[in-house]
């Protein structure tokens, strides 16, 4: 008799994806972030569900309902802070996951990569809308500033913004629809993530060397299940350290002031994980130019497979490209720092230089390094 996990229609799918899946024997801890993102998503859906049971999406009561969750609901404070800081952990894992893909050439799996970019954009949209829900000062003004960017689109811009707002300013209608979208999007993300996994399992995982691992595969269970469990424990440890010892470390104090349309905060800025893109947006004096640069800073990921010039897939044996990759990481950290600073000298200049450097590295320097390395191979 065949094993039930191999014969049962449902168990068979799980078995082929998580148990008997042939995996490369040499994938490092950088390959843990996929499963960690899955854990983050489940955690966010669960904590979010419990928050939604007590939250009200009305401008008059939204702020009070969040306060009520923290003060009066049993363990409401821990659920709220796990959800808020869980978003930060989600983005740390996301950026690590994308960075791993860039470094080891995983973007040559085109379908998997492009669906990954769609996932990134969807998660960013979800996080942005979630930040609006507590209806604090930064929630309100963040929503106003970011949605207003669409007014830079010629001809239809103003109508588009008013359509998204559901009126002539960010108000009751905006908050209600943002809550509706914030609730539904994680489930859509789950569905897209399944497609992401489906395409990955068509080709099998990449590995640090970037060469085919068909000759040396091991079963996913128990080797990588135990490795993923360790990763998950470390993730939860990091999250709980943040939640229990410094819950407001990554938040903005302005969001503890209820939203007031008549009083603009001195420095409007998004959550830390959007600061790099915000810095690129601010570094261009023209509104439409800034919006285009902002969009392109993320959408540039779609072009990465086209910009691959090297004969080698991974950067493991390419010191020049490695150097540029870590320069790009440093550049993104610089942009993140600049995004949180006021718009004044010298931050403006640093931001502009870092923005130019970002596009220059990806579009010019890294493809050039690939070509140079190909030439060096012939020496």
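Glycine is treated like the rest: Cβ placed from N, Cα and C.
What you see is a predicted model, and the numbers here were worked out from it, not measured in a lab.
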When Swiss-Prot marks a stretch as transmembrane segment, which of 55-76, 77-98, 143-164 is it?
77-98
Check each of the ranges 263-283, 347-367 against Swiss-Prot and return the one annotated as transmembrane segment.
347-367
Transmembrane segment according to Swiss-Prot, located in which of 178-198, 199-219:
178-198
Out of the binding-site residues 97, 196, 201, give me the one sitting nearest to residue 182 (heme b b562 binding site) by CA distance.
196
Sort out the residues at least 6 away from either end of the transmembrane segment (226-246), same chain, that have Cβ-Cβ distances under 8 Å to it, and list them.
29, 32, 35-36, 39-40, 43, 78, 81-82, 85-86, 88-89, 93
Reduced to three states, what secondary structure does DSSP give residue 201 (ubiquinone binding site)?
helix
Identify, in sequence order, the residues in the chain of residue 201 (ubiquinone binding site) that are 6 or more apart from it along the sequence and have a CB within less than 8 Å of its CB; answer 'none' if there are none.
16, 17, 21
Which of the three DSSP-derived classes (helix, strand, coil) applies to residue 182 (heme b b562 binding site)?
helix
Do the transmembrane segment (178-198) and the transmembrane segment (77-98) come close, with at least three CB pairs under 8 A (pairs 6 or more apart in sequence)?
no
